[in-house]
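Asker: I am attaching a structure below and will ask some questions about it afterwards.
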């Protein structure tokens, strides 16, 4: 059937309980495909660490409703179990296309016709829990709550009061997590600390699996997680033909740069890129014969000193950029491309110095969906092309571009038009995070720029000819689909 794990608000315990369920299934050697509603990067890292499979984001604003359906159907194929973690509170979305809850957990439930297991934070509640559950249960037609999991229960007496309150609703209680069980993950300025920075993460997953085995009603819950057998079976996730490898793309992947959507990586491969990971933290040289660089988001502010001191890699990358190497940076990538990065402690570290601005940490959180229009005629993208993305950062540029890459605004009437992004030579960088699932032309234009650079250096005798490798199926398979 597949269920969505939802909650009444952020912090109710959706992530902890989702991870506990995934950890239990993994310890039972049961294959499961996980999904995450919304644009988040960090929660999917934890999912993937447990399951050994890339978690897939389901976000109709960043992509489209049709893409969300195709993504779920495509990636669920071949796995006996599927599980979706929701976002924020059940009905928390944005006003868009006539809906007030667009991209919410409830929106995804309606799109995919899936039931919901509702996580209820029971701290400082007893009888009132029934009113909350009943309200969420009947607030919106088409949203089907098939059970609740009670979280942060104080003890046996508290649990008895909760059961008495919920009994008239006749809604199954599928699990109970007690407050005494310390299952909290550390967090910081942009959410959870990524699992790659937590040395004891496997012990934590073992603890979650143990608690899940004891506290969840698996005879009732496991059938709800079975992947539906009557789903459509799309042959490909993407609606463009697959291309054989044509260009080498160096992609920054380490503790400083790790915000990448799995579908984006699959799409790059599908569109003819050979992806070559490198570490701006550890590597002293770039991969050989590259045709482009992708610097994703992450936490460069936490590794600014180490990034700054890796002068050999910085010098090589700067030389190639001056030669015209197409370079794309998102958020953390923009920060790395700037003149300098001032961390939260006020320390200043020189960066790549490819953009005429510096970046300073601090200030208010910039957060939310953005509708953007390309306004820079020197971009690889078509001028006036419209894109949808999101911002999530706590840093500011010291100088804004005179001719920005994007003109953009949020989705509320109170939101103002703003500009964002740089287009300097062969560099494009902005704070905007993009999911390319429904914006494939962006990848195709980036590929065209990389192929033009490849041709230029080959003509000058500075670039060996590209050696094609056998075509492999993508749209998921290249990055973990079995």
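Glycine residues also receive a Cβ, built from the backbone N, Cα and C atoms like all the rest.
The structure displayed is predicted, hence computed values, not measured ones.
Residues or ranges marked as active site, nucleophile by Swiss-Prot on the basis of sequence analysis: 331. Look at Swiss-Prot and you will find 248-441 tagged as domain 'GATase cobBQ-type'. Feature annotation from Swiss-Prot assigns site 'Increases nucleophilicity of active site Cys' to 433.
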Asker: What average pLDDT is reported by the model for the domain 'GATase cobBQ-type' (248-441)?
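Answerer: Value for the domain 'GATase cobBQ-type' (248-441), mean pLDDT as a whole number: 95.
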Asker: Count the other Cβ atoms sitting within 10 Å of the Cβ of residue 433 (site 'Increases nucleophilicity of active site Cys'), across every protein chain shown.
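Answerer: Taking every protein chain into account, the count is 23.
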Asker: Please report the number of other Cβ atoms within 10 Å of the Cβ of residue 331 (active site, nucleophile).
Answerer: 26
Asker: Please report how many Å separate the Cα atom of residue 433 (site 'Increases nucleophilicity of active site Cys') from that of the residue listed as 'active site, nucleophile', as a whole number.
Answerer: 7
